[in-house]
Amino acid sequence: MKLLILDRDGVINYDSDAYIKTLEEWIPLPGAVEAIAQLSKAGWTVAVATNQSGLARGYYSAAVLDSMHARLRELVAGQGGELGLVVHCPHGPAEGCECRKPKPGMLKSIAAHYDTNLAGVWFVGDSRGDLEAALAVDCQPVLVKTGKGEKTLEGALPEGTLIFDDLAAVAAQLLHTQ
Ligand SMILES: O=P(O)(O)OC[C@@H](O)[C@H]1O[C@@H](OP(=O)(O)O)[C@@H](O)[C@@H](O)[C@@H]1O
Ligand SMILES: [Mg+2]
Ligand SMILES: [Zn+2]
């Protein structure tokens, strides 16, 4: 199957060091919704794997988080596309869970959900933890320069990381070559 996995904050929507705490703060990045819709209409399954430690920190509720993902789903559907599985890690950094990136637990969950292999599947993120999670399960690490991407670029990147300006550029590449 043609599976693409996306990080959320900084890839699909604007990120904030103060966390994205309300539906009003959840604002799609330019071209991101269109990219997901175009990929899905071209036969891609687009899933999301997102750390949401703001839940453990008490910054927002699961209902508010769900409203953000419902909004994304609605916007993609409004462009004729369909958003795939959205998986989030609700835990804080100190909880030692298996799902918080850079651990690959969420990527494994997505693969299990679709009964598919992760080898070579592109995982698009803006943070080093996203790239490390990708490498841990033989996904293709892909960095976008939106969100924390420019900052992540200041450090050493895992060998073989692909770099794009934004999600729209990732979609254009996939739609043109695969
Ligand atoms: O990029 P994804 O995985 O979709 O989500 C990241 C968010 O959960 C938040 O993750 C936090 O990191 P800590 O969880 O506090 O280490 C900070 O980086 C926030 O700025 C950011 O909004
Ligand atoms: Mg991110
Ligand atoms: Zn977790």
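In case you wondered, yes, glycine gets a Cβ from its N, Cα and C as well.
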Further binder of Mg(2+) named by TrEMBL next to Asp7, Asp9, taken from the candidates Asp115, Asp126, Asp138: Asp126
Length of the line joining the Cα atoms of Asp7 (Mg(2+) binding site) and Thr50 (site 'Stabilizes the phosphoryl group'), in Å: 5
Protein Cβ atoms within 10 Å of Arg100 (site 'Contributes to substrate recognition'), excluding its own: 22
Neighbourhood of ligand 1 - recorded positions from Asp7, Cys89, His91, Cys97, Cys99, Arg100 with Cβ under 6 Å: Asp7
Asp126 (Mg(2+) binding site) - helix vs strand vs coil (DSSP): coil
Cα distance (Å, whole number) from Cys89 (Zn(2+) binding site) to Thr50 (site 'Stabilizes the phosphoryl group'): 6
